[in-house]
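Asker: Below you will find the structure I want to go over with you.
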């Protein structure tokens, strides 16, 4: 298999779920071995670019934020990163004229649609993978996330909320190709009781039923259209996991199991993997 990029640039407009600011985002083709690079076009400086790397993750409160050494940041990258992973885009330049990726409808589906509209181009370089060689695990009280050696990607994820609207949900997923059909349109979610507090902290400024699932104090989903899936909540947590793991720079080949995961946990797992060179190796498709 070869690396891929877009055939042509594609753009969208939208508001940030936390900043409430309207931004334009453009995904552009990039050369082989570039990876995913974000550029803040509203900042006229040669230091306005940030590599979408786990090492550059600076905040994981409610979303994933990346920053560079010059304190320039871009937040809520995970849904776009998941779409790039799900569409097998290895190399892209993301230009954005603000501090946060547009939330769109709260899922990855709009970004998948953009990529499909732009088209995909195969490049003259082998696709690379991160193959896990031994178990790597992160645990915090009853939350855990670990990966073990496998010949292909396989994920088993469980969430457990006290809210009866969500409860305990489990999902197993194995084929990257089915991400766009079965996971990409699962939306982010939140509790109405938390909204005022979050807004007082400068968060959730752009949140609405147009871009998130809202749950009230009676454990009722308030969105007029309801849920897209009975287990949409765990599907979205899986989407977040894929987006966060793609900050490794390449697709991970491993059996992954998680319970009550978070953006912080996802990032911690990558740091732990890369801290031990005996736990992984980089391979091409011919070496899988």
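The backbone N, Cα and C atoms fix where each Cβ goes, glycine too.
Quick caveat, the model's predicted, so the values are computed rather than measured.
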Asker: In Swiss-Prot, 236, 240 are given as binding Zn(2+), so which of 70, 79, 152, 271 is in that site too?
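Answerer: So, going by the record in Swiss-Prot, that would be 79.
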Asker: Roughly how many Å lie between the Cα atoms of residue 240 (Zn(2+) binding site) and residue 263 (active site, proton donor), rounded to a whole value?
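Answerer: Pair distance, Cα basis, whole Å: 7 Å.
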Asker: Could you round the CA separation between residue 236 (Zn(2+) binding site) and residue 263 (active site, proton donor) to a whole angstrom and send it over?
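Answerer: Residue 236 (Zn(2+) binding site) to residue 263 (active site, proton donor), Cα-Cα distance: 12 Å.
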Asker: Fewest other CB within 10 angstroms, which one of the recorded positions 79, 236, 263?
Answerer: 263
